[in-house]
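Features as listed in Swiss-Prot:
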| type | residues | note |
| --- | --- | --- |
| BINDING | 30-37, 147-150, V176, 184-187 | ATP binding site |
| ACT_SITE | H37 | active site, proton donor |
| BINDING | Q61 | beta-alanine binding site |
| BINDING | Q61, Q153 | (R)-pantoate binding site |
Amino acid sequence: MQIITSPEELQRLCLDWRCGGVKTALVPTMGYYHAGHESLMAYARERADKVVVSLFVNPAQFAPGEDLAAYPRDLSGDAEVAQRAGADVLFTPQPEAMYPQGFDTWVEIPGLSSGLCGADRPGHFRGVCTVVMKLMLLTLPRLAVFGEKDWQQLAVLRRMAKDMHLPVTIDGCPIVRETDGLAMSSRNVYLTPEERRQAPALYQGLIRARDMVAGGERDTAVLRAAVKEYWKQHLPEGREDYLEIVHPDTLQPLERVGGMATCAAAVRLGRARLIDNLALI
């Protein structure tokens, strides 16, 4: 596995691959790998000739006061994981290489970015879309792989690829969970023992909504109220950022569950901001 820090060097390599008919897969990450990241790399490895994993804690997607400086990092450990997973390249640029002095070009998807996480984190998806567009232009992938835990991010990036006619397929991989149901996340290390004990209730609340739909309930206000009541009892230290039932593609809130519907939520628990989602049908 090559470790590359220069955008220009990466682009030259990937352009040679593309001209030679090589199928490249891109796995964008911010590092501090867990089994969820490994599942993305394994998915890419099975479907491409070459796999590029990017490891970049992207400052453009952090708002002032967020955890950019505190975000967990372990470059040597992550390199071992990426190599073991079969990555051909680990791309680890410095911020000044991706955003040199005078950088002033941004990619925004206003509609899909406005609700859910976008409402609470202004500018977040502008940073995500911009860095992913740059990574795609550097690597020229046929396939890009993301986790479904960040469902809104997946929907936004698919819209970007469609609107810009990018010759890339964007695939989502299922959420990888701890044995108690908590979605794996690099930020879970922020949780205290007591917060970690409560954290699985986020997912259990979503399961309650799914079970109610299976039992015939269709009113999303009733479903959301039931989830909030469950959290009140089992996640008392959590502070809800949002809880919505939306169409999985448009992310528009639904009044009734009549077809495809996803329950998406974000809860702050101590220093951690936990997100999760679950298809209700």
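The count begins at 1 with the first shown residue.
Glycine too: its Cβ is placed from the backbone N, Cα and C atoms.
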Rounded distance in angstrom between the Cα atoms of V176 (ATP binding site) and H37 (active site, proton donor):
9
What are the non-local neighbours of Q153 ((R)-pantoate binding site), defined as same-chain residues 6+ apart in sequence with CB under 8 A from its CB?
C117, F125, V128, F146
Check the Cα-Cα distances from Q61 (beta-alanine binding site) to the recorded positions M30, G36, H37, E148 and tell me which is shortest.
M30
Other C-beta atoms that fall within 10 angstroms of the C-beta of G36 (ATP binding site):
20
The residue listed as 'active site, proton donor' in three-state DSSP notation:
helix
Within 10 Å of the Cβ of S186 (ATP binding site), how many other Cβ atoms are there?
19
Under DSSP, is S186 (ATP binding site) part of a helix or a strand, or is it coil?
helix
Using all protein chains in view, find how many other C-beta atoms are within 10 Å of the C-beta of the residue listed as 'beta-alanine binding site'.
21
